[in-house]
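Feature annotation from TrEMBL assigns ATP binding site to B:Leu26, B:Gly119. What TrEMBL records for B:Cys95 is active site, nucleophile. The annotation site 'Interaction with tRNA' is assigned in TrEMBL to B:His120, B:Gln335. Residues or ranges marked as active site, cysteine persulfide intermediate in TrEMBL: B:Cys193. Per TrEMBL, domain 'tRNA-specific 2-thiouridylase MnmA-like central' is recorded for B:203-267. Among the features that TrEMBL reports, domain 'tRNA-specific 2-thiouridylase MnmA-like C-terminal' is placed at B:279-347.
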Amino acid sequence: MVYLDHAATTPMLPEAIDALTAALAVVGNPSSIHSAGQQAKRLLEESRERVAATLGADGIEVVFTGNGTEAVNLAIKGLWWQRRTAAASAAEPADGSSPARRRILMPAGEHHATIDTVEWLVAHEGAEVVELPLDEVGRLRLDVLADELERGAESIALVTMLWANNEVGTIEPVEEVARLTARAGVPLHVDAIAAYGQLPIDFHGIRRATDAPRGSGLVALSVSAHKIGGPAGIGALVLDRSAAVEPLIHGGGQQRKVRSGTQDVAAAASFAAAAEIVADRLDADTARMAALRDRLIAGVADAVPEARLSGDAGAGASVRLPGNAHFSFPGCEGDSLLFLLDAAGVAVSTGSACQAGVPEPSHVLMAMGRSEADARGALRITIGHGSTDADVDAFLAALPAAHAQAARAGLAARATSFDR
Amino acid sequence: MSGGVDSAVAAARAVEAGHEVVGVHLALSRNAGTLRTGSRGCCTIEDSMDAQRAANVLGIPYYVWDFSARFKADVVDDFIAEYSAGRTPNPCMRCNERIKFAALLEKAIALGFDAVATGHYAKIVTDDAGNRELHRASAEAKDQSYVLGVLTAEQLAHAYFPLGDTPSKTLVRAEAAERGLSVAQKPDSYDICFIPDGDTRGWLADKVGTETGDIVDRTGAVVGSHEGAHSFTVGQRRGMRLGTPAADGKPRFVLEVRPKENTVVVGPKEALAIGVIAGSRFSWAGLAPEQPETAFGCEVQIRAHADPVPAVAQLVDGELVVTPGHPLDGVAPGQTAVIYVGTRVLGQFTIDRTVSAVPVDA
């Protein structure tokens, strides 16, 4: 099996598996007071510091969560509730017209972890969402964001955005947004789940470079372990000391009282092992991945000239995730291509994996102004830490036949020869 | 694989017969419900997961293919349009005709498959000359040859019904349990899959809207009012809330729906009797009869679970005209009549025209 769906999940690093199994044998609840508890606590906090170091943050700023989605939920809902509470306790205008920080600024084409969380706040908590447009490569329109911030920063609860788009790989102008929000006094959450392990991330560095005041600018950042070779079932939210969030989970008050629940020491240790290796090898690995990716993109262009690359066509790892290639194949259903490639032993994706495996036209491509037919023919090929030249060769060898056959199958909505 | 027991066992038998089998679940709705409710047996995420679990047990690959746009256009919108036109469609037949054995089949063939296998209870029999015929299933109570009557020779050439020879559904359930399929005891589905709560009338009212109209007797006298002719179907007795009793004091039935005038015609049960049914939209399930212009003996069935009635059929000026041996009750235009010769499905037509067996003044 040639595995080219590393953006969905990537194989665990051997060191992460070793760290996991070794730590599973450690007895003790890190919240216990006795020596066994202290041993577990030590392993947990060392792991937290090691993860923090790969993100340019301090250990105390890292809140472990059950996964990336929980980190995103905690950031968005937690900041929303905290900002609403703070606004309510502040002096309201005498005419009662306070917009009271009801607005959430969110680019189009975000991951569903963000979209669905924000939509929930709209439906249940009276939030108002301002969807910021993307350009044709999937990059946030900074001018629109700047206008929105200028128009009424005091009405904004938070800004949330992807560091890099998980489908089309476009790297977003995070530092510029951090600067704009810092200046406007608005908190920013960045979903770095797709970017982690593929780009350098320096949380404090960005806060410093953007002169972020307390509670504003980049204050929260989400990551997930299984995207970098750690285990599934653990993510983290980096939360600046100055950023208060309401917890989603109440209980024993673990982790700054932000995320109660007995902490998973073994998962944290495994996460830390993966994070450290990935950070150490980042430059070499991303250069290697980008070279494989560029060869894959060139190979697709040769094999299927009508294939259209989505996202930023720039080479290297600064404008597009080094592991990401994403194409639309006109006149084909992405699920036909996926099926045929799978049958040929090559695992790729039509976009982000979704519930019940129902492929839908990508909302990211739609937000980039592409047609529904274009969006239906989308295929995402993602390279990871273990990918080789042979993987790319196998994909390029399987593609022409799969494409020819998928093109014959055509689009599901069209008329068939059996119609009468 | 719908997620039900029949398609799971059908897949298992196809695997056992030595075929290379891939499980495909059809995504027919863009906003599928999460969990199964009541007697519904398909189309929720739970059903999709059941189908995937069955595929896992069988060790076959499993995919979800999205036909939601086509299903909406060809089945759901068609259902609404037919009701709005005063006809009574059968959406399951339409789905077999346009989705399972057209859109899905064509895609499957293009992707390299030979046939679409389903859990339908029906048989395909090959005659001495190699022609494929569609026949009733061995399990009489579950026979679904009626809803497959729309299939043509080209479609039958690529259809595979592994459950056709099984004498009862009980045996299929027992086999599923033996094979370790978790859906062995899953309830049967009865309702129309895209009407979640089974309330067809309420669902249609939502889609078509309501508009007050007259209920009249056969002389044209107004005997009541209704909230939309589309929610009535020929042969229906309940739900009319007629204020004026009939002269003879007997219950009244819907005899005709006139959507253009938004009028419903009611009358005594005897007036439901139909002596002739006819339609020009027909197809043959396999080889066409050699001389359809010459009257031939057959049986006609007008609903999925109606009894077949001996009849004489004849093709007259492009219209298939069928005279049942005794009058039929509750025939509605838009319904499909399937013609059998013995257990063999000969073909089908959509009923466009009916002739009452009883004159108006009877």
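For all residues, glycine too, the Cβ spot is worked out from N, Cα and C.
On a predicted model such as this, the values are computed, not experimentally measured, just so you know.
Annotated features taken from TrEMBL, shown on the structure.
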residue	record	CB count, 10 Å
B:Leu26	ATP binding site	24
B:Cys95	active site, nucleophile	28
B:Gly119	ATP binding site	20
B:His120	site 'Interaction with tRNA'	24
B:Cys193	active site, cysteine persulfide intermediate	21
B:Gln335	site 'Interaction with tRNA'	23
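On the backbone, the CA of B:Leu26 (ATP binding site) and the CA of B:His120 (site 'Interaction with tRNA') stand 15 Å apart. If you take the Cα of B:His120 (site 'Interaction with tRNA') and the Cα of B:Cys95 (active site, nucleophile), they are about 13 angstrom apart, rounded to a whole number. Over the domain 'tRNA-specific 2-thiouridylase MnmA-like central' (B:203-267) the predicted model carries a mean pLDDT of 85. The recorded positions recorded for this entry are B:Gly119, B:Cys193, B:Gln335, and the Cα of B:Cys193 lies nearest to that of the residue listed as 'active site, nucleophile'.
Secondary structure by DSSP for the domain 'tRNA-specific 2-thiouridylase MnmA-like central' (B:203-267): 9 helix, 20 strand, 36 coil.
A coil conformation is recorded for B:His120 (site 'Interaction with tRNA') in the three-state DSSP classification, outside any helix or strand.
In the three-state DSSP scheme, B:Leu26 (ATP binding site) falls into the strand class.
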